[in-house]
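Engineer: Quick one: the structure is below, and I'll ask about it shortly.
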Amino acid sequence: MSQVITEFISRRELFTQDNQYNQSYVLLFTVASSIIWIMVPGLAFLYSGLARRKSALSMIWICIMSSFIGVFQWYFWGYSLAFSSTSSNPFIGDLHFFGFQNLLGSTPSESDYPEIAFGLFQLQFLLVTLAILAGGCIAERGRFLPSMIFLFCWATVVYCPVVYWIWGGGWAMNYKSGVLDYAGGGPVEILSGVSAFVYSAFLGRRNETLMINYRPHNISTIFLGTSLLYVGWLFFNGFSCGNPSLKVAYSMMNTHICGAFGAISWCLLDFRLENKWSMVAVCSGCISGLVAATPSSGVIPLWASVILGITAGIVCNLSTKIKYLCRVDDSLDVLAEHGIAGVVGLLFNALFGSATVIGYDNVTDHEGGWLDHNWKQLYIQIAYILAVAAYSAVVTAILCFVIDKIPGLHLRIDYNAEEVGVDEDQIGEFAYDYVEVRRDFLDWGNPQVNPNLQAHSIHEGMIDNQLVRIISVNRPEVFNGDANSISSNQDSGSINEKRGHEPQAYLAEHKLQQQRSPQNQQLHPQTQQHIEQQGSDQAHEQV
């Protein structure tokens, strides 16, 4: 038996092309792919922190599920539609690499890496783009099933064609001197920002009756997500040059500079309005700077990234007002922080693009931008921006309209589901266990108070030469309707917390202290007048 197995194995042909590949290239694509993927859970934590507690888990769920959908789409036909080398049109690839066929070792014999490594690397760009968009598809009011179908269709008819335009040999790559888009300002940032905005418009606004005291529920989670994004973004931008060269370190440094100055400028703008050093502002500004660096980090010099970071932070901060002007509930500001920042970065490529920086990989040859007197680069960039934004908006609107009309695939949850939260309606699980405990407690009914156990004590004293009698009532026991059936008071301290209220101070002295004016610690004028009318012999009781 062992002899048969040995003979069968010996029939395998060795993949001799491994000998011609540069190991540093293979490691570049595979290691970078692994670290870039960390941006997906980074986006999940970011969106979860920005949402309210009752919908926190849904944001994590849809972000991670979008990556699984993206893996399937990219393997099925996505890579072929985006990077097919046999397509004869300038708009989209063919199915030559369908199911990753004809891909293993299919690059020319002089290539330094197998094409499957490049396909793995480009997969991460799709996964990050889908995760950015997925948050806007739920946003505390969207349903999972139609959003998953939308993401697969969107990756096929929106993302893959635009990738082919700019990186796969399409019209944008060959238009005039070629569009300058280093790491995805168009296919990653503008597509996700514009499409999320259009999807939010079809979802409609969240019910204002359920938006009382709305705020992000977990700032620490927002910071954690931003940190993961930052790490992945360095590899996302740094290794987009496609070879181990000076350009890797240069684009990483540009990314650092843009993120830093974006965070500073956004935070200062918010401080100007509220006199608070907002952590959410720091994270939002950092992300807008990182996004702006995506198309430009391998194109512009370091000093220009300082200007870009400041500009991106200011412009994106002000762009958060667009959703109010358009009356679209873009609750995660995907358009402002991704779409607009991507536009800013692409425009800076025309203004500050440098042929010297572009050639730091010792491969790419381009005329540069205005720094090299290539004045026509500006309208080339503008034409590309308009084409990408318009195409994504129109096709996304068509997809949303069609999917929403299919029975059982309406995009939005109903009012009752929105009230209890997407977590409970779509998942049945919660990011925090006490959310479920609180809801179960409310289902038990209102606790009753045993009147036989309401012990109290009376305190008398002089306040401002007035005799005041205070009755302090001890915290009552909770029972199930029968005076002899008393529940343990061990948990009574958390009852009000479970019901969503702050623990009440039952001592009447607290209420009396609240009536004092903080300036001079005197009794409130209304209380003083009441005591004077009653006279010193008449006590003021307070329960």
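For all residues, glycine too, the Cβ spot is worked out from N, Cα and C.
Quick paste from TrEMBL:
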- 25-47: transmembrane segment (TRANSMEM)
- 29-432: domain 'Ammonium transporter AmtB-like' (DOMAIN)
- 59-77: transmembrane segment (TRANSMEM)
- 116-136: transmembrane segment (TRANSMEM)
- 148-167: transmembrane segment (TRANSMEM)
- 187-204: transmembrane segment (TRANSMEM)
- 216-236: transmembrane segment (TRANSMEM)
- 248-269: transmembrane segment (TRANSMEM)
- 276-294: transmembrane segment (TRANSMEM)
- 300-318: transmembrane segment (TRANSMEM)
- 339-358: transmembrane segment (TRANSMEM)
- 378-403: transmembrane segment (TRANSMEM)
- 481-543: region 'Disordered' (REGION)
- 482-495: compositional bias 'Polar residues' (COMPBIAS)
- 514-534: compositional bias 'Low complexity' (COMPBIAS)
Engineer: Are there at least 3 C-beta pairs under 8 angstroms linking the transmembrane segment (187-204) and the transmembrane segment (378-403), leaving out pairs fewer than 6 apart in sequence?
Structural biologist: yes
Engineer: Near the transmembrane segment (59-77), which residues from the same chain, at least 6 beyond its ends, have a CB less than 8 A from one of its CBs?
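Structural biologist: Distant Cβ neighbours of the transmembrane segment (59-77) are 37, 40-41, 43-45, 47-48, 50-51, 95, 98-100, 119, 122-123, 126-127, 130-131, 133-135, 137-138, 144, 147-148, 151-152, 155-156, 426-427, 431.
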Engineer: Would you say the transmembrane segment (300-318) and the transmembrane segment (248-269) are in contact under the rule of three or more C-beta pairs closer than 8 Å, pairs 6 or more apart in sequence?
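Structural biologist: Touching, yes - the transmembrane segment (248-269) and the transmembrane segment (300-318) meet the threshold of 3 or more Cβ pairs under 8 Å.
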Engineer: I'm a bit unsure how to read this: which one of 187-204, 216-236, 276-294 has the highest number of Cβ pairs shorter than 8 Å with the transmembrane segment (116-136)?
Structural biologist: 187-204
Engineer: Counting Cβ pairs closer than 8 Å, which of 25-47, 148-167, 300-318 has the most of them with the transmembrane segment (216-236)?
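Structural biologist: Selected stretch: 25-47, with the most Cβ pairs under 8 Å.
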